[in-house]
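According to TrEMBL, the protein has these features:
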COMPBIAS  600-629  compositional bias 'Basic and acidic residues'
COMPBIAS  635-655  compositional bias 'Polar residues'
COMPBIAS  662-672  compositional bias 'Basic and acidic residues'
DOMAIN    259-357  domain 'PH'
DOMAIN    464-600  domain 'PID'
REGION    380-413  region 'Disordered'
REGION    600-672  region 'Disordered'
């Protein structure tokens, strides 16, 4: 699109340059009566050179070329005429070309600048949207950024459509802008110069009439085309309004999981140092079994990776959302890409996964992809019995090259009445992605962190070797069936997506928390507070598998508690780990009871101390009242000894009572 736009812009520049020259030539006719002959000669020369101009669009118009050649011939014959009325030339010749130059060509330039500004604003809004943090998600900032993307994208789309409409209209206006001034010029010559009547034959008048009719036809055609384009713009604005949102609702715009071709903009991560990286936005598209990319301004795309037999999986980046990683079949090359929305994110993963299976080589690729995805969906759908579950998983396990390691964890338990009674929706949240790797940011285990856990860490301190299989959000945390169902789904998904890599860690069980520690660097990868571990269980048959459910605050919906089930594989120590976690919770429970009893005793002591302080305060108040009573009695005896003072006081009191009236007296008596 931008390459085609460049052709139109180059054509507009060529038209602008040519019209400017034609305008200058005609302006000489209007400005200088004495130079009329030279100006008409230059005009004729420019008209003859039209066929030599190389316009990217419409440069080989023979009718236009022959018409201009005929005009050039007539203007040469009229070059001896050098008395033209300025007002006639201003109205008939200078006005149309001036209007085209000052209004139409400037409109093109203005729309070009507005389009460039809108495009830059859109790129900046997309960049800010892509930088939204997944961990420190602020709904206000997210809403502002999404509103910014919506506004900038809508503005860019509207500006782009009006700009394209103006470029298309320019192809008609350039003909009018050159033919109307010439027609007006010739009509002015006929009307106002009798001496040129000898050269203006009836044949020429007929030619001019035909040209005028052609101009009117072109104008009507242009008006009709402009009206159609305006209607198209209105229809596109209405239809495209939901698409301005960067992350549309997947319920309104369903995800197409059977695609074998896809194209769109993605952000790719480029490493700039050992720990630093940068993101670059490019246009990606699939071509057969290849993933191609094309930067802005490039004529064609370049090969990124051969995605036949590749592996694709969702990854979690610290600073980006909707990220996925593509790894080549030999594991030597990988790319981390970021999609704009959840819909694009899932479609890209499904498309690349379909291409990696070489479905695109078949006659009906979408039909085969739908059948393969349906089989994969059935492999992760709960079955009513263990026998059916085992049979549905057996092909997926046996078809993988590393089945020896997967088979040890592939059998998923015996008959469970509770599991058969529950459906998938009652156990696992719908559309929940499975995380196959540890995604929490690495944080060092500082000494202060151990001290903050209190003395309970010294009571229990057990270490186990585990391998992380995956985690996913669940809807219930009340029955061990949730853990069994999560085990089954994660193992089935690993078999379907060829995910065999597992992260080995040391699981440290204390009375305060569960920790996953890197065995090489002794750095804490994940920390699970023990009170949040609400459910834990080992598999009924395969004792190497165990898992626990962690209840956390917040999730996909604000102000809602979510439950996440983590599944691990150990060295036949699943029951020991569960026993250790149970012991830790018991110790923590008794420690909490002791702490509450101690706090209750402290509260009782504080109440007693407060009551003692109140009693002492009451005694002090009684002493102060007795002291005030003695002072009042002494003051009364002193006033009785002084009759004049008593009279003054009574007089003052009576005077105030007389001023206050009856109500004032009652008030004073009540106060007394």
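All positions are counted from 1 along the displayed chain.
Cβ atoms are placed via backbone N, Cα and C, with glycine included.
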State the residues, same chain only, that lie 6 or more residues beyond the ends of the compositional bias 'Basic and acidic residues' (600-629) and have a CB under 8 A from a CB inside it; answer 'none' if no residue qualifies.
none
With DSSP helix as H/G/I and strand as E/B, how many residues of the domain 'PID' (464-600) fall in helix, strand and coil?
46 helix, 55 strand, 36 coil
Can you tell me the mean pLDDT for the domain 'PID' (464-600)?
83
So how many of the residues in the domain 'PH' (259-357) end up helix, strand or coil by DSSP?
15 helix, 45 strand, 39 coil
